[in-house]
Amino acid sequence: MLFSALKTGLTVPSNFQSNILREGVFASRFPETEKPLPLKTEKCHNIGCLYSISGFLMALTAALKAQIAAWYKALQEQIPDFIPRAPQRQMIADVAKTLAGEEGRHLAIEAPTGVGKTLSYLIPGIAIAREEQKTLVVSTANVALQDQIYSKDLPLLKKIIPDLKFTAAFGRGRYVCPRNLTALASTEPTQQDLLAFLDDELTPNNQEEQKRCAKLKGDLDTYKWDGLRDHTDIAIDDDLWRRLSTDKASCLNRNCYYYRECPFFVARREIQEAEVVVANHALVMAAMESEAVLPDPKNLLLVLDEGHHLPDVARDALEMSAEITAPWYRLQLDLFTKLVATCMEQFRPKTIPPLAIPERLNAHCEELYVLIASLNNILNLYMPAGQEAEHRFAMGELPDEVLEICQRLAKLTEMLRGLAELFLNDLSEKTGSHDIVRLHRLILQMNRALGMFEAQSKLWRLASLAQSSGAPVTKWATREEREGQLHLWFHCVGIRVSDQLERLLWRSIPHIIVTSATLRSLNSFSRLQEMSGLKEKAGDRFVALDSPFNHCEQGKIVIPRMRVEPSIDNEEQHIAEMAAFFREQVESKKHLGMLVLFASGRAMQRFLDYVTDLRLMLLVQGDQPRYRLVELHRKRVANGERSVLVGLQSFAEGLDLKGDLLSQVHIHKIAFPPIDSPVVITEGEWLKSLNRYPFEVQSLPSASFNLIQQVGRLIRSHGCWGEVVIYDKRLLTKNYGKRLLDALPVFPIEQPEVPEGIVKKKEKTKSPRRRRR
């Protein structure tokens with residue numbers, strides 16, 4: 001088969017390259033090591049049968065097959081230099097069969113760079129959504145990809161599907177609040193009077209800022225701007241945007257004068273008419289939990305792009321943290337009792353809630369405060385007095401006394417949450433006969449109180465659980481200094497979220513596509529399966545497509561013969577050697593565009609100390625927003641100048657630089673995950689209790705995943721070329737090094753010497769202690 005593929009000029013699949021190179025080169029270099037049994041996966045091997053889309057879709061109706069094939073053909077005519085790819089046709093077929101319910105429950109499909117995965121799920125997804133009269137929801141992990149699909153890929157498809165209706169569901173914080181914009185843009189007293197109910201005074205810092213806001217308001221009023229922060233050329237710094245936008249607690253919703261024209265609510269109303277909705281993972285999780293924003297789950301087709309982020313996004317969404325400092329808590333309870341009294345006096349509800357009676361409410365809040373004060377005293381015993389500190393409860397197990405307090409707090413805060421919700425609903429139904437300014441002020445204040453008690457209720461309920469998704473719940477307390485005062489916080493998060501994902505997604509939505517350029521680590525879907533809850537026995541399928549690129553011809557991996565390993569003890573010497581080799585590469589002038597990736601900010605800064613004379617050439621993460629750094633990089637290379645992007649792991653994802661824009665990637669070391677966070681430590685304890693090795697379950701799969709993403713920055717098209725320099729000899733000297741290399745695309749490997757002229761070691765500087773969260 002390999003010979004026939006070469007003879008016919010087709011790209012050789014990476015699995016065949018893998019067998020040739022690894023048997024011929026790696027087998028003699030590395031001893032065989034024990035490997036975990038991989039999940040049964042399907043791969044796109046049979047090149048000869050991939051000549052047409054319709055040939056794959058045997059189980060679908062003739063009309064659907066014809067429609068998908070016609071759109072795919074029309075797409076080829078729209079894209080200059082379009083290259084038909086067998087893996088892309090395979091993905092279209094697999095997605096279509098899954099969404100149509102012909103094969104399996106859900107599909108996890110790894111589509112390497114160059115496959116064209118976005119269009120590969122949009123074409124069959126739109127066709128099947130129309131056939132079944134459902135809404136196709138495409139979810140991403142970050143705003144950049146979400147905006148790319150919304151602003152680039154879907155408009156391209158609209159050229160071949162003219163009646164296509166699509167919209168985007170960004171988070172509330174990405175939209176301007178017209179109420180706040182009006183306040184900041186206006187200098188007229190009448191406008192300020194209209195907004196007098198706002199607790200926080202909204203005034204521009206200076207005349208220039210007021211003029212910017214006035215220009216933004218003009219663009220919004222004349223429909224030149226849709227209200228999204230990323231869709232205007234006017235510079236908006238973070239401080240100004242914080243005042244221009246709003247959050248759930250500060251939004252009046254239907255009670256707001258600007259409700260009908262509010263960009264956020266206009267976008268939400270468009271969802272009901274759209275065939276395709278582009279959202280993000282956090283919004284989808286929240287929508288499934290509250291049954292709001294998106295259509296009914298049974299009427300959805302869901303694609304989770306960048307699906308490898310889903311377990312982490314779900315865990316972050318379910319993590320609960322809240323301040324419990326006793327004096328602060330007393331203040332919040334006092335403010336709430338006064339708020340309830342004001343509502344009872346000025347906007348008395350028809351039915352009086354029993355808990356709103358002053359005597360009962362005061363007694364309720366007093367019991368709550370006594371418990372919080374007692375918890376403060378207990379938690380402070382676990383931490384050094386008078387300073388910032390942290391205490392984690394081993395295996396998430398709370399002392400009996402603390403557990404009893406948490407269980408009682410869960411009940412008491414839930415009752416206050418219910419009371420706040422009742423008053424908020426009642427206030428929202430008041431007619432215009434009331435004092436509108438006073439009413440809106442109370443609505444805002446009650447909305448904020450509801451948010452606080454809702455968070456507290458969830459926190460104490462989670463703290464009361466011994467396990468979630470069959471694993472411990474991490475619980476820890478922190479004492480932090482803010483504005484000269486010490487504040488006490490309590491935190492809870494489950495280390496596994498598979499049960500929650502099963503309830504919110506896998507069981508609720510009939511068919512879901514989980515895709516990414518990287519879903520596997522160490523050539524296995526095992527980690528994804530364990531973290532997400534997807535499983536073969538439930539009918540889920542796992543497919544790994546071949547790369548369309550010929551990596552062994554387009555690039556190579558360079559592992560310099562470093563004198564030391566990149567351990568903490570040897571970090572300074574290792575960075576010095578890395579800087580010397582990097583300098584040699586820069587001086588060779590072989591590469592215009594380069595990327596340097598670091599495993600930590602500390603290592604990145606020490607590297608920069610060694611190459612201060614090259615600093616003008618370096619575009620370093622944090623100097624400017626990432627999109628601006630990439631723009632500068634593109635301009636420099638286009639002008640024939642050398643340019644180097646320098647960043648952390650976040651620069652190893654979503655960075656698409658082709659050809660001369662990026663022909664050399666430098667990787668500081670194998671990026672093992674940090675092991676000092678409360679969540680990771682608790683997971684390690686739990687794994688050991690099950691006689692599982694944390695390095696195999698946690699560290700190595702994560703390191704493999706990170707390395708795959710880093711190396712994947714190099715070859716982005718058939719015209720790309722270059723090399724990946726990895727400054728970590730452990731890839732060649734440790735048993736796990738072979739497993740990490742085996743999971744990468746197959747490149748030839750070179751091992752050059754490091755230049756002798758190592759820069760003299762700099763004096764170590766004491767790095768600040770990083771706060772763990």
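From the backbone N, Cα and C atoms, a Cβ is placed for every residue, glycine too.
The record from TrEMBL ties Cys251, Cys256, Cys262 to [4Fe-4S] cluster, and of the options Cys177, Cys343 it ties Cys177 to that site too. Neighbour density around each Cβ, counted as other Cβ atoms within 10 Å, peaks among the binding-site residues Cys177, Cys256, Cys262 at Cys177. Highlighted in sequence order, Pro178, Arg179, Thr246, Leu252, Asn253, Tyr258, Tyr259, Phe264, Phe265 have their Cβ within 8 Å of the centre of the Cβ atoms of Cys177, Cys251, Cys256, Cys262, the residues recorded for [4Fe-4S] cluster, and are not part of that set. For the domain 'Helicase ATP-binding' (74-351), the model gives a mean pLDDT of 90. Long-range Cβ neighbours of Cys251 ([4Fe-4S] cluster binding site) (same chain, at least 6 residues apart, Cβ-Cβ under 8 Å): Arg172, Cys177, Asn447.
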